[in-house]
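Asks: Okay, handing you the structure first.
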Amino acid sequence: MKHYLSINDLENLQEAVKEAIAIKENPHQLKTIGNQKTVCLLFFNNSLRTRLSTQKAAMNLGMQVTVMNFGSEGWQLEFEDGTIMDQGKSEHIKEAAQVVSQFADIVAIRAFAGLIDKEKDEAELVLNGFRNYASIPVVNMESSVTHPLQALADAITLEENKTKEKPKVVLSWAPHPKALPHAVANSFVEMMKLQDAEFVITHPEGYELNPKITKGCTIVHDQEKALENANFVYVKNWSSYSDYGEILSQDKKWMMTKEKLGNAKFMHCLPVRRNVVVEDAVLDSNQSLVIEQANNRTYSVQLVLKRILEKL
Amino acid sequence: MKHYLSINDLENLQEAVKEAIAIKENPHQLKTIGNQKTVCLLFFNNSLRTRLSTQKAAMNLGMQVTVMNFGSEGWQLEFEDGTIMDQGKSEHIKEAAQVVSQFADIVAIRAFAGLIDKEKDEAELVLNGFRNYASIPVVNMESSVTHPLQALADAITLEENKTKEKPKVVLSWAPHPKALPHAVANSFVEMMKLQDAEFVITHPEGYELNPKITKGCTIVHDQEKALENANFVYVKNWSSYSDYGEILSQDKKWMMTKEKLGNAKFMHCLPVRRNVVVEDAVLDSNQSLVIEQANNRTYSVQLVLKRILEKL
Amino acid sequence: MKHYLSINDLENLQEAVKEAIAIKENPHQLKTIGNQKTVCLLFFNNSLRTRLSTQKAAMNLGMQVTVMNFGSEGWQLEFEDGTIMDQGKSEHIKEAAQVVSQFADIVAIRAFAGLIDKEKDEAELVLNGFRNYASIPVVNMESSVTHPLQALADAITLEENKTKEKPKVVLSWAPHPKALPHAVANSFVEMMKLQDAEFVITHPEGYELNPKITKGCTIVHDQEKALENANFVYVKNWSSYSDYGEILSQDKKWMMTKEKLGNAKFMHCLPVRRNVVVEDAVLDSNQSLVIEQANNRTYSVQLVLKRILEKL
């Protein structure tokens with residue numbers, strides 16, 4: 001694997017999940033594979049799980065880690081070609097990406113959607129800027145449109161917790177006071193399309209995800225119907241894609257409850273707003289898999305770093 | 001030792017001090033005890049000594065270290081149970097603490113008093129939040145009410161510099177332009193209660209510390225009288241405890257001077273305001289122990305991490 | 001070498017460049033020389049190249065690294081002697097420098113010019129504060145007046161790319177929308193004075209650098225004439241030194257173009273404003289050495305750290 005930009009960069013999801021579970025069983029088995037190799041984590045947005053899990057995974061592989069908060073510790077980057085840079089932006093992505101490539105063997109990038117300009121978000125200026133101009137492999141730590149490390153952690157969690165060959169998995173929209181990006185939902189859908197499962201997406205009308213991503217997926221607007229006989233319920237808010245970045249509904253009826261969940265396992269990428277996205281009774285029950293999902297973030301990125309290191 | 005939340009978590013202060021001094025003599029003697037173990041330092045407030053000494057100590061033990069400034073690199077946490085989280089707080093301490101526990105073997109927390117709501121400060125929301133919900137040991141890097149790593153460093157410094165079996169140690173309040181927390185003074189008092197020493201606290205009226213903490217201590221409001229024949233003078237400002245967080249006096253007469261100090265050794269936890277808390281002549285003399293106190297911060301936390309590692 | 005504050009701290013520039021090139025050929029040859037040694041990087045200003053290259057170099061030598069953004073993670077320092085510290089500054093450089101010396105074996109400092117008060121900038125309060133009060137070696141990661149790690153990287157780049165014994169090297173001022181410090185230009189000039197080269201400085205009138213630094217250098221105000229037969233053109237903006245910190249000109253005619261460059265190699269320390277300082281056609285051509293200059297930052301600081309470690 002050269003870059004890890006999308007869940008589809010894994011040749012075979014099932015094999016990747018198996019390998020990640022083997023790493024989880026013995027996280028230090030490859031403790032020298034990363035010797036004398038450095039991964040540089042560049043954060044254009046805040047982070048808790050991604051920040052700590054990626055450092056942990058890299059150190060498990062014997063790598064050196066450098067961490068930089070680009071916004072507060074660096075300066076604004078220019079992404080347009082041919083601009084006269086006489087305004088607020090001090091450095092062009094062409095230089096920044098090439099320069100970081102001198103100081104690391106792998107670069108990992110977090111850069112969220114701005115949710116104002118759909119076209120700009122979909123152009124993935126930061127992630128693609130690094131992919132285009134860096135001379136080293138690039139890992140996506142959540143971009144405008146995708147969050148494939150989360151999706152791989154989710155796949156590991158599903159594999160570890162499924163009790164039948166072909167479980168029913170429901171992605172259920174939830175209300176939220178802030179406009180949130182689509183990245184987690186998008187990558188979860190892309191990952192589910194690679195799974196042998198009955199997969200249903202449910203959300204209020206107007207909250208359709210990018211149809212190119214959900215193409216072929218079952219979408220049901222009646223949440224109750226969607227949840228029937230579910231084995232796993234993945235709850236997540238996102239803002240409108242058609243009315244880009246807008247909050248169309250904060251309808252509390254869409255909050256996940258113990259009653260609605262039935263016997264299903266509950267999943268969420270975290271951070272989660274209690275009693276807005278999901279009620280306490282769910283998170284505090286043993287049906288919740290959220291902490292194990294977070295734990296699997298380490299093995300998800302450790303698998304990715306390992307595969308990249310093997311090809312360096 | 002499971003957690004290190006208070007100086008009283010050390011079973012025997014004298015033995016801990018002896019062991020810390022032995023570590024100081026050969027800081028790298030245990031350089032593999034922390035291999036494949038990670039300590040995560042979470043700062044909810046700024047730090048210089050604690051930040052650098054804790055990293056140094058952890059690396060001396062062969063540990064991996066991750067550092068996160070929760071305020072600027074993460075988001076606001078919710079600490080109340082049962083809240084509807086539809087306001088500014090993005091994650092509940094229940095999740096945050098459990099999640100950090102997936103990525104580290106020990107978590108160390110710095111979270112100062114707000115000095116507005118006494119009850120809230122005394123509830124130690126952040127520290128106790130992590131103690132209650134984390135599944136890993138918690139180290140107090142200065143909480144609302146206590147700073148036990150400083151107190152242990154102070155105990156080491158006293159031991160190294162005492163010239164008689166039972167020295168006279170005075171804790172003397174000093175003026176300061178900003179309202180400061182009680183944590184350092186509280187932990188120093190708690191530590192002194194475990195020492196074989198003549199211990200006197202002196203401060204203007206109205207600056208009484210929490211009486212539960214100073215119970216049994218000699219308190220003298222006449223600074224001159226308190227300082228008579230002192231061997232060590234520990235100077236520190238704190239805001240009022242009864243008029244919680246208020247500055248009742250900036251009386252310059254309480255500043256420590258060379259004259260008042262006599263032949264005693266001067267101690268302060270740093271940072272210190274020169275010529276407000278203490279005059280230059282004291283800090284620039286060889287009676288000052290402040291740099292050695294800072295140095296002992298490394299061995300204080302190294303002892304604590306070592307003892308926790310031994311029980312992991 | 002005790003400190004690295006100026007390019008003149010290298011006894012012999014040519015030997016230092018040779019040694020740095022040897023390190024570059026095998027960066028891990030000295031991977032244990034820094035074992036159990038810590039370098040603490042203190043940033044009073046933002047950084048990309050310096051931040052990442054210094055960490056990389058230190059880790060190549062087996063050192064431990066601690067990084068602190070003093071402004072956001074610490075507090076304001078006092079530099080004046082004898083002040084009554086009852087205003088915004090919480091700690092004196094005397095304590096800060098001595099304290100950092102307890103937690104590291106080498107301290108590296110970045111602190112830019114404020115460009116408001118020339119005398120204050122030239123006093124190098126931060127750098128000299130650490131040099132005066134720290135008990136450990138100090139490395140200059142760009143101070144108010146000099147940037148000797150950049151100058152050493154530039155010397156390495158010149159050595160690697162020169163095609164004749166005594167090349168013609170031109171330092172050419174360029175326009176910029178913001179007032180920038182003189183540090184890079186100053187250190188480049190100081191470094192060139194140690195080289196066997198034909199060295200010419202060109203800038204609009206009013207942009208004379210500190211005459212003590214350029215003493216003995218050829219200064220030509222006609223850019224076209226200065227660039228004739230150049231082998232290397234180092235382009236850099238700086239604000240006025242005589243009208244201290246002022247922007248006297250943004251004359252676009254001074255921007256470097258492919259046409260003006262001729263067959264010369266192009267150098268710049270980065271970050272660079274495209275189509276303001278230099279046109280795209282130069283940076284995107286193989287005449288540009290800017291990425292290699294950045295790469296050489298690692299070997300520049302690795303040489304410096306190695307030499308300091310050898311004397312510890």
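A Cβ is built for glycine as well, from the same backbone N, Cα and C atoms used for every other residue.
These came from TrEMBL, pasted as-is:
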type	residues	note
DOMAIN	A:2-160	domain 'Aspartate/ornithine carbamoyltransferase carbamoyl-P binding'
BINDING	A:S47, A:L48, A:R49, A:T50, A:W75, A:R110, A:H147, A:P148, A:L149, A:Q150, A:C269, A:L270, A:R297	carbamoyl phosphate binding site
BINDING	A:E142, A:H176, A:K236, A:R273	N(2)-succinyl-L-ornithine binding site
DOMAIN	A:184-304	domain 'Aspartate/ornithine carbamoyltransferase Asp/Orn-binding'
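A description of the local structural setting of each listed feature is requested, covering burial, neighbours and distances.
Replies: Averaged across the domain 'Aspartate/ornithine carbamoyltransferase carbamoyl-P binding' (A:2-160), pLDDT in this predicted model comes to 97.
Within the same chain, the residues at least 6 positions away from A:S47 (carbamoyl phosphate binding site) whose Cβ sits under 8 Å from its Cβ are A:R110, A:M141, A:E142, listed in sequence order.
Its Cβ placed at the centre, A:K236 (N(2)-succinyl-L-ornithine binding site) has 20 other Cβ atoms within 10 Å.
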Asks: Cα of A:R273 (N(2)-succinyl-L-ornithine binding site) to Cα of A:H147 (carbamoyl phosphate binding site): how many Å, rounded?
Replies: 19
Asks: Which of these binding-site residues, A:S47, A:R49, A:E142, A:H147, A:R273, are close to chain B by Cβ (under 8 Å)?
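Replies: Contact set vs B: A:S47, A:R49, A:R273.
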Asks: Based on Cα distances to A:H176 (N(2)-succinyl-L-ornithine binding site), point out the closest of the binding-site residues A:R49, A:C269, A:R297.
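Replies: That would be A:C269, nearest by Cα distance.
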Asks: How big is the gap, in Å, between the Cα of A:R49 (carbamoyl phosphate binding site) and that of A:K236 (N(2)-succinyl-L-ornithine binding site), rounded to a whole number?
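Replies: Computed Cα spacing between A:R49 (carbamoyl phosphate binding site) and A:K236 (N(2)-succinyl-L-ornithine binding site) is 17 Å.
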Asks: By DSSP, what is the split of the domain 'Aspartate/ornithine carbamoyltransferase Asp/Orn-binding' (A:184-304) into helix, strand and coil residues?
Replies: 44 helix, 20 strand, 57 coil
Asks: Can you give me the Cα-Cα distance between A:H147 (carbamoyl phosphate binding site) and A:K236 (N(2)-succinyl-L-ornithine binding site) in Å, rounded to a whole number?
Replies: 13
Asks: What subset of the binding-site residues A:E142, A:H147, A:L149, A:H176, A:R297 has a Cβ sitting under 8 Å from a Cβ of chain C?
Replies: none
Asks: Measuring Cα to Cα, how many Å separate A:L149 (carbamoyl phosphate binding site) from A:K236 (N(2)-succinyl-L-ornithine binding site)?
Replies: 16
Asks: Would you mind listing, in sequence order, the residues at least six apart from A:W75 (carbamoyl phosphate binding site) in the same chain with a Cβ closer than 8 Å to its Cβ?
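Replies: Listed in sequence order: A:K89, A:S90, A:E91.
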